[in-house]
Amino acid sequence: HGIPANLEGVEGAIQAAAERVVAEAEESAKARSGNATIVLLKDITPQEQNPPSILDVGRLIGVRGSNVRFLEEESGARIIFSPNPEAQVKLWGTKEEVSKALGLINEQVLGLRDEEERFAIDQRFHGTLIGVGGRTVQAIEEESGARIAFHSLPDAVMVVRGTPDQRKKAYDLAMGMLKDDVVECVYVRERYYPVIIGSRGTNVREIETKSGARVQVLTLDNKDELSRLGVDVGDMSSETGDGVAVVIKGTPTQRQEAKQLVQELIRSEESEVFPLEDDLAASFAWHGASMLGSIEQEAGVRIRVERGEEPHFVIKGPKDQRAKAWELICQILSNDQESRHTFETTHSLLTVRLLIGPQGQQVKELERKSGARIKFDIVDGVNQVVARGTQEQRDLAWELVQKQLALFGEERYPLSEAKHYVIIGVGGEQVKEIEARSGAAVAFEKSPDPAMIVKGTEEQRKEAMRLATEVLESTGEMEQQKFSVDRKYHALLIGSTGRRVQDIEKQSGAHIQFESDPEDVMLVTGSRDQREAAWGIVKGILEGEKEERVAVPVSARKTIIGPKGVSIKLIERDSGAQIGFEGSPEPCMLVRGTPEQREAAILMAQDVLDGEEEEQFYVEHRYHGYLIGPGGRRVRDIEQQTCTRIVMSDEEPVVVVNGTKLRRDAAWELIKAKMDEYDAERSSDSTETIPDAPPE
């Protein structure tokens, strides 16, 4: 064939063709981005044929838009069909593309020869015939072969398209559905109301989806709605006492399936008591309630621990699932034994911190590899590794701990006390970052000579020292300066739980201490600018805060202070004010702080004096066991910290807190923190990898 003689002419033709293709593409793109051409489908339908309806629009669109894609590929136009306000099509593209698309659509409209029939059906029955998720109307269409739609304007009708036989069958099926669609009630006790509803209505929606029936859960507070549905309120009260009606509407099959689902939910709330024998109680005390989360998930039950003279588990769920949960509990607890091994080391707390690791990562890794549960203890100055599990798991755990201990070394770096605070940083943030980045554990000693102690592997120690050196070099020369501050202001400047002094440190960058012996001073460590900034903030606080005296009888002091000082600590923490008492010349409460702080503290103190009340907080049952804690320890800690009384409800997902409003709010904050802890533990457990096989 060879190379054409007129090569330049060929190249020119190719170039012209390419330019023409680009121009056509640009014209099409421009047309697609412009205004749409709107055509009513009735305008392209022959007069002897019924205008296209909503059903026809559905057929023109096709299953999941398949027909629209075909039309677009064939014509090059962009196409959108819409049934409102009239059946129409919108087209974008060049004149040629739009014209070709309309030709194809016209051919398809001519093929829509099925006849349409409209049946007057009251709009209140439309939902019944459509069904939950459209299941009922889909069933009618499949059985009859017709296509069905519903209109409410201008008249309430059911539109049926198909052959005469298909239309008749669809109508007969619809009428049969309406005849069978009656209301049926299942009466249950009020304690099952939240169970059937579910969180945000999830359970009742699931019943509707699975059964196809429509379900309402009504109490005696909904008497008007109950009467409208034909429910006998008298029967409802006599059968259940406190009265909840599950109103089910649908066909006999749908109602029967919905009733079965309701009964399954109720059975899931049945409970059984399993005594905790002495041999298992010791093992459970070691594990704690945290072990129950995975059992609840595996068995599909909820477990509550009841402690006292006769400790036992209360397991809620269907009978077979309760049995499975108890079998899992016994299996875990009966296989557990405890081993203790001692080890020698310097700076025991640093060593234990390394073995535990940041956020417990290291000990979790040891537990993952060994399969045992591991704790570290110091008894009478003796370091102990406590492992619980099978013999093989315990032996492997001790072997892994020994290997880890062999990697740890310790170094002491002479460092002036003033520089300790530089490396520690405000609120300890600096040293925490050094430990996190290096993996080493860091501590400081003031005697016999000031020094920084670093413990870890050789690489960890080197990295920790490098990071500490960087911090010292970046801050320059640090000095400590004394400022005279009367001791009566020390508590005010420190603030409740040290929050105020921490804020001063963060703002200034300096480290602050207070001393009262031999003189009342504030020690500020930092650069010159940092020390000046800290002193400026302190002076502003002392000059801006005033003292207010509030008459309080001596008999009321104990109430405001609260058991172990809990109430007064909460008032100081939440208000930011400092509180004291004087007996002369008249008994009063001294409130020191800004006007806003003093006002808040006085209101909180009045709340404490007003007395105790009971308040309920929504807490899902799955958290109850964790909040109680091993031996009831967690809930007792919250009660002691806030001076409240806390009860976990067996019947409802609530926690009842009794105390003053201030104490109730404090208890609720601690409860929420514990729930966050539980979620974090469950989240970390769910992402753990499969344990390594023990070495042969």
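Count begins at 1; order follows the chain as displayed.
Any Cβ shown, glycine's included, is placed from N, Cα and C.
If you look up TrEMBL, you'll see 675-685 marked as compositional bias 'Basic and acidic residues'.
The feature domain 'K Homology' is assigned by TrEMBL to 34-110 (among others).
The domain 'K Homology' annotation in TrEMBL covers 113-179 (among others).
Summed and averaged per residue, pLDDT over the domain 'K Homology' (180-267) gives 77. Feature annotation from TrEMBL assigns domain 'K Homology' to 180-267 (among others).
According to TrEMBL, the feature domain 'K Homology' maps to 268-334 (among others).
Taken from TrEMBL, the feature domain 'K Homology' covers 341-406 (among others).
Per TrEMBL, domain 'K Homology' is recorded for 407-473 (among others).
Residues or ranges marked as domain 'K Homology' in TrEMBL: 477-543 (among others). Residues of the domain 'K Homology' (477-543) grouped by DSSP class, helix first, strand second and coil last, total 37 helix, 17 strand, 13 coil.
Secondary structure of the domain 'K Homology' (544-610), assigned with DSSP and counted as helix (H, G, I), strand (E, B) and coil, comes to 38 helix, 17 strand, 12 coil. The domain 'K Homology' annotation in TrEMBL covers 544-610 (among others).
The feature domain 'K Homology' is assigned by TrEMBL to 611-676 (among others).
If you look up TrEMBL, you'll see 675-696 marked as region 'Disordered'.
Across the domain 'K Homology' (407-473), DSSP helix (H, G, I), strand (E, B) and coil residues number 38 helix, 17 strand, 12 coil. In this chain, the domain 'K Homology' (34-110) lies out of contact with the domain 'K Homology' (611-676); the count of Cβ pairs under 8 Å, excluding pairs fewer than 6 apart in sequence, is fewer than 3. The residues of the domain 'K Homology' (34-110), classed with DSSP into helix (H, G, I), strand (E, B) and coil, number 41 helix, 14 strand, 22 coil. Per DSSP, the secondary structure of the domain 'K Homology' (113-179) breaks down as 37 helix, 17 strand, 13 coil. With DSSP classes pooled into helix, strand and coil, the tally for the domain 'K Homology' (341-406) is 38 helix, 18 strand, 10 coil. Summarised by DSSP class, the composition of the domain 'K Homology' (268-334) is 37 helix, 15 strand, 15 coil.
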